[in-house]
């Protein structure tokens with residue numbers, strides 16, 4: 001309900017809600033499905049790069065979806081973009097569910113990625129343009145709530161299909177189930193959204209904005225190339241892009257989608273070997289992400305976009321540094337390898353690298369996993385020395401048959417619980433600020449004529465960075481270890497914090513026209529403003 005009263009939602013509004021949630025579902029469902037895809041296809045299990053490609057091809061598709069989605073939004077409107085995204089979601093889900101080989105899963109992921117890319121920049125625009133300035137942040141945050149709600153649902157679906165035949169096919173296939181400005185019409189819509197005393201002023205502002213944009217349209221043209229040139233030659237759009245691109249890049253290099261895409265795998269890195277346990281613990285982090293979106297809705301219009309992002313980044317950096325320390329301690333205290341157990345477990349079972357090692361007595365569980373082998377924990381106490389064995393399904397079955405735990409991604413650790421706790425705190429720090437606010441900023445910082453293409457450019461940067469992070473995460477963990485990888489993301493976040501402080505203005509409570517005026521005059525953080533400009537712009 002908004003201040004103007006309760007308005008009956010139309011079909012477009014329902015579709016908007018559905019595909020925001022679907023976007024979140026598709027982003028989250030792969031994290032659990034990947035565990036079972038690895039079991040069904042040995043080449044996926046053995047090749048880290050293939051796992052990264054399966055995860056990241058949806059992101060690659062999203063880059064193109066966002067790029068052309070911005071132009072489609074400006075050229076044909078928001079509703080056609082919604083319909084195209086729905087079709088892409090449906091086709092991609094069916095292709096993945098029926099995939100006979102990894103390459104077909106990848107094709108399906110590209111299709112859903114195209115839909116996700118269009119969704120990522122259409123939804124915030126659609127909501128923002130229909131929202132009063134004083135509560136625009138909260139209403140655009142509902143987009144984030146639906147996405148995180150979709151992610152939470154994906155983890156529930158993953159958990160529900162854990163023991164079903166063809167589990168990952170069900171997980172990925174479920175996504176296919178949902179899938180001119182006239183004055184009087186404008187007045188009718190505004191009356192549903194705004195209180196009566198604000199309708200006339202909003203209508204005048206809207207009319208003036210549209211008349212100005214029509215004049216620009218005639219001067220520039222509306223094809224993709226002309227629109228892009230016009231956007232980049234406009235000083236207001238360029239300054240808007242400095243802010244919009246900054247927050248999108250910073251969001252992705254906070255490492256959030258390593259958690260969303262690889263959450264069960266990270267939990268297994270922390271020492272929880274069971275797929276079901278890893279999925280259940282991942283459900284907690286996903287639920288916290290949804291709760292954080294609700295916090296954003298409550299506070300973003302009270303405390304402002306800029307402040308919430310800066311506070312969020314301080315929390316993210318702290319949690320990433322602590323996670324790095326926790327994973328370092330877990331690796332340092334990993335159980336030792338018993339030479340007796342390793343060489344006498346079964347015929348030809350011992351890890352080849354362990355047999356050829358110059359100093360096998362120095363090996364521990366982490367040494368075993370780095371050698372592409374697996375650790376069969378001690379039956380009496382999993383923290384005691386265990387066996388380092390070749391990583392085969394037969395030996396895994398034999399290990400379980402002796403009532404032992406089989407570790408192939410992480411080692412038994414007394415620090416595992418701390419890793420899950422600080423992973424949760426990381427999500428709590430991320431979600432209310434860096435989770436939702438970058439999309440709010442990008443929905444309100446560009447002039448009307450360039451709002452679609454401006455949001456599209458920023459979304460492309462978001463998805464490119466997302467691709468880089470998701471395509472390299474597992475490789476980084478092998479090269480730097482989990483500890484080094486999280487510390488690297490903490491370093492990226494420090495850089496992102498500096499850029500947010502310098503380039504991103506506060507837009508809380510401002511009309512679109514006021515944001516445009518602020519960018520036209522230029523923005524600097526409060527300590528760097530001259531006395532003459534401190535009164536002109538809203539304080540940092």
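A Cβ is built for glycine as well, from the same backbone N, Cα and C atoms used for every other residue.
What TrEMBL says about a protein is an automatic prediction, not a curated fact.
The feature domain 'Major facilitator superfamily (MFS) profile' is assigned by TrEMBL to 1-508.
As annotated by TrEMBL, transmembrane segment applies to 20-37 (among others).
Remote same-chain residues near the transmembrane segment (49-69) are listed as 26-27, 30, 34, 37-38, 43, 81, 85, 88, 102, 105-106, 109-122, 224, 257, 261-262, 452, 456-457, 459-460, 462-464, 466-467, 470-475 (criterion: CB distance under 8 Å, separation of at least six residues from the stretch ends). Taken from TrEMBL, the feature transmembrane segment covers 49-69 (among others).
Residues annotated as transmembrane segment in TrEMBL: 81-99 (among others).
What TrEMBL lists as transmembrane segment is 105-127 (among others).
The transmembrane segment feature in TrEMBL is assigned to 139-161 (among others).
Look at TrEMBL and you will find 278-299 (among others) tagged as transmembrane segment.
For the transmembrane segment (311-331), the list of distant contacts is 250, 254-255, 269-271, 366, 410-411, 413, 415-416, 418-419, 422-423, 425-426, 428-430, 432-435, 437, 481-484, 486-487, 489-490, 493-494, 496-497, 500: same-chain residues at least six beyond its ends, Cβ to Cβ under 8 Å. According to TrEMBL, the feature transmembrane segment maps to 311-331 (among others).
Taken from TrEMBL, the feature transmembrane segment applies to 415-441 (among others).
Feature annotation from TrEMBL assigns transmembrane segment to 453-474 (among others). Here the transmembrane segment (453-474) has long-range neighbours at 48, 51-53, 55-56, 59-60, 62-63, 66-71, 73-74, 117, 120-121, 124-125, 227-228, 231, 237, 240-241, 244-245, 247-249, 251-253, 255, 257-258, 261-262, 265, 438, 442-443, 445-447, 485, meaning same-chain residues at least 6 beyond its ends whose C-beta is under 8 angstroms from one of its own.
The transmembrane segment annotation in TrEMBL covers 486-504 (among others). For the transmembrane segment (486-504), same-chain residues at least 6 beyond its ends with a Cβ under 8 Å from one of its own Cβ atoms are 242-243, 246-247, 249-250, 253-255, 258, 305-306, 309-310, 313-314, 316-317, 320-321, 323-324, 327, 441, 476, 480, 523, 525, 540.
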Beyond the flanks of the transmembrane segment (139-161) by 6 or more, those residues with Cβ under 8 Å of it: 2, 17, 20-29, 31-33, 123-124, 127-128, 130-131, 167-168, 170-171, 174, 260, 276, 279-280, 282-283, 286-287, 289-290, 292-294, 296-297, 300, 431, 435-436, 439-440, 443-444
Non-local residues, at least 6 beyond the ends, that sit with Cβ under 8 Å of the transmembrane segment (415-441): 120, 123-124, 128, 136-137, 140-141, 143-145, 148, 243-244, 247-248, 250-251, 254, 256, 259, 263, 266-267, 269-272, 281, 284-285, 288-293, 295-296, 299-300, 305, 308-316, 318-320, 322-323, 326-327, 329-330, 333, 462, 504, 507
Average model confidence [pLDDT] within the domain 'Major facilitator superfamily (MFS) profile' (1-508): 80
